[in-house]
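Here's the structure we're looking at; comments come further down.
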């Protein structure tokens, strides 16, 4: 792994914001999980989904950031093929899981705002568990064939990945055999997940905004717009850079390699650091739960 091509001389400086974001991810998501577990008033569908998101963010960040920082700090660029494929599987499978969970959280907010009296009868514990298992199953089904296919391909020597982690399209460039299936399959899955899930999220928030516009209180409307806007911004940081980096890698667009690598890093590092703030600290129940925990 080369790190960030063309910016090797700046690796020590680049490592500072990366390390800070990782520490924020670890602290924010861990605190969120502890609060939700400790406070029984937070044992609601919304916070169960938030707990799943926190676990996914912790796994996704931890699968790439420690190795990335070791490259930046200690020039530890070597990685075995099995470790590379494992990292690739975890990164992309948990990305698919996060996308599915963002859809589930948007649906949760739609039910809570548009059908508040039926909220607990619709999103029962078995339904929440089934949604979580469905996102896991979809990720495993989509990513397993891709990983097995790459494992069977012969790799050219020298096996140098111009990336800071084992991103699928970057690893695929090393294949000496016919990689057309893997390339097409990867693009198809990414396009399906990104477009279908973001469409469902957009639909949910449009219905939410329609319900919010009927509120008589300007203050309530302003608060709802602020909440929806922050949610959509962090979702855009997850979907747009990830899809852009993949399409640019695949179609060899004339863009600096370090820009492509940084785009691929943004969607894996920034949302996990921001999610506890956007979905957690900005939520009144979480703040109240934190105050109760501190007072105890």
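The backbone N, Cα and C atoms fix where each Cβ goes, glycine too.
The annotation transmembrane segment is assigned in TrEMBL to 12-35 (among others).
The domain 'G-protein coupled receptors family 1 profile' annotation in TrEMBL covers 28-279.
Positions annotated as transmembrane segment by TrEMBL: 47-69 (among others).
Under the heading transmembrane segment, TrEMBL lists 89-107 (among others). With a threshold of 8 Å between CB atoms, the same-chain residues lying at least 6 positions outside the transmembrane segment (89-107) that come near it are 46, 49-50, 52-53, 56-57, 59-60, 63-64, 131-132, 134-136, 138-140, 142-144, 146-147, 165-168, 189, 193-194, 197, 200-201, 204-205, 231, 235, 238-239, 242, 267-268, 271, 279.
Positions annotated as transmembrane segment by TrEMBL: 119-141 (among others).
Away from its own ends, the transmembrane segment (192-213) comes close to residues 96, 99-100, 102-103, 106-107, 109-110, 113-114, 142, 220-221, 224-225, 228, 231-232, 235, 239, 242-243 of its chain (Cβ-Cβ under 8 Å, at least six residues beyond either end). Per TrEMBL, transmembrane segment is recorded for 192-213 (among others).
For 225-247 (among others), the entry in TrEMBL reads transmembrane segment.
According to TrEMBL, the feature transmembrane segment maps to 259-281 (among others). Counting residues 6+ beyond its ends, the transmembrane segment (259-281) has Cβ neighbours under 8 Å at 4-5, 18, 21-22, 24-25, 28-29, 31-32, 50, 53-54, 57-58, 60-61, 64-65, 68, 91, 95, 98, 105, 162-165, 167, 230-231, 234-235, 237-242, 244-246, 248-249, 287 in the same chain.
Among residues of the same chain six or more beyond the transmembrane segment (47-69), those with a C-beta under 8 A of the stretch's C-beta atoms are 1, 3, 15, 18-19, 22, 25-26, 29-30, 32-33, 36-37, 76, 79, 87, 90-91, 94-95, 97-98, 101-102, 104-105, 108, 125, 128, 131-132, 135, 164-165, 265, 268-269, 271-272, 275-276, 279-280, 285-286.
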